[in-house]
Ligand code: IMP
């Protein structure tokens, strides 16, 4: 059985949506295993554009789509996203969609706290998506979360709700906010409960059943390895583990099921929100990358910061996540540049580093060491074979592959599903 785990190998927004959509059309099951509706996946199928934040990308093609226990789920957002897709003609029912009954909920108190903290942090803010992701994960590990299965037992929340409210009331008081309105919270949950519960089940069981039947599973990661709460640019990270290993713990299938790990890598670098970014370009070239690459956040609409390709970071991400092969995206955004640069190492306090250190100050202070290459004048957009690419673009891709010590499995050359050069099929591996 060949399963595939897709993860972002940079700071998110690598173009996972298109690749996942393409793979989803050949998978039997698509599983989201971490993050929440902070993700933003744009799928272009024919003349239709679908924007997903929470639902697995397989939903658009009718493939069995599962939200695993590792996700944090905002039930009101779930309803809105499902209704929007249904409005676009997508059918969503118990046959093709399921939610882990042990998935923790994002509540209005989490959104409040996310906003209050960011507003109070001033220049030190993380630049979160404001969707309550971090506070919801905190309550999960703090053992006071309300989970999907609790929606069927709202009259018996008792000590769980006491713990949750006591914790939030103390934090809210610190921000000069009134305590949680318990009655209103329960009433809101009671209203949304039937909608969520119709899809709730022990998904680990369904996954293990379809696995035994030989199903091909696609694990759909969100964000990127550099936003991982352990391995990323802490504290400027998201609050989940975004590395490939989470596919197992966040879904209920064991680690041997994760299969081919496909790292999605953009041919340059972007980041949205605060935090260190060694190869950031705050000049015309950065501006040009942002414009040509349409680098605006799908979820928040924020302008993404842009910079040169950082081979050190991607090599590290690939190593940490055990990436089998990469999908290189958006090479066409580099079309027409006279020169292109790749970061191959860092200088820090007179020393040369071949990895990204963990300390926040070191991460902020490293100076990139660049290798410069000639650019290419022809276009790579829409190429479907190596023969369609300018020779210099091929050299760039080969150099990237060499520096990150991981082979290229796919090259994506436009948002269209078919504009892809397939070097190695992850499902056939
Ligand atoms: P949070 O996940 O909303 O807590 O945000 C934490 C950090 O992760 C911020 O820098 C966000 O901009 C970033 N982030 C969260 N989700 C995504 C994503 O899907 N793409 C890119 N950045 C993201």
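Please read every residue number as a count from 1 along the shown chain.
Cβ atoms here come from the backbone N, Cα and C positions, even for glycine.
Whatever TrEMBL says is automated annotation, not expert-curated.
According to TrEMBL, the feature GTP binding site maps to 12-18, 40-42, 304, 330-332, 412-414. The annotation active site, proton acceptor is assigned in TrEMBL to 13. Look at TrEMBL and you will find 13, 14, 15, 16, 38, 39, 40, 41, 129, 143, 223, 238, 302 tagged as IMP binding site. The Mg(2+) binding site annotation in TrEMBL covers 13, 40. Look at TrEMBL and you will find 41 tagged as active site, proton donor. Per TrEMBL, the feature active site maps to 140. Taken from TrEMBL, the feature substrate binding site covers 298, 299, 300, 301, 302, 303, 304.
Reported as a whole number, the C-alpha separation between residue 302 (IMP binding site) and residue 13 (active site, proton acceptor) equals 12 Å.
The DSSP secondary structure for residue 42 (GTP binding site) is strand. Among the binding-site residues 40, 129, 413, the ones whose Cα sits within 10 Å of the Cα of residue 300 (substrate binding site) are 40, 129. In space, 40 is the closest of the binding-site residues 12, 15, 40, 331 to residue 299 (substrate binding site), judged by Cα positions. With respect to ligand 1, the recorded positions 12, 13, 38, 129, 223, 298 contribute 12, 13, 38, 129, 223 as residues with a C-beta closer than 6 angstroms to one of its atoms, given in sequence order. In the structure shown, the C-beta of 18 has more C-beta neighbours within 10 angstroms than that of any other entry among the binding-site residues 18, 302, 304. In sequence order, the binding-site residues near the residue listed as 'active site, proton acceptor' (Cα within 10 Å of its Cα) amount to none of 38, 331, 413.
When the C-alpha distances from residue 18 (GTP binding site) to the binding-site residues 40, 129, 223 are tabulated, the minimum falls on 40. In the three-state DSSP reading, residue 18 (GTP binding site) counts as helix. Neighbour density at the Cβ, taken as the number of other Cβ atoms within 10 Å, is lowest among the recorded positions 41, 140, 303 for 303.
Between the CA atoms of residue 304 (substrate binding site) and residue 38 (IMP binding site) there is a gap of 15 Å, rounded to the nearest whole number.
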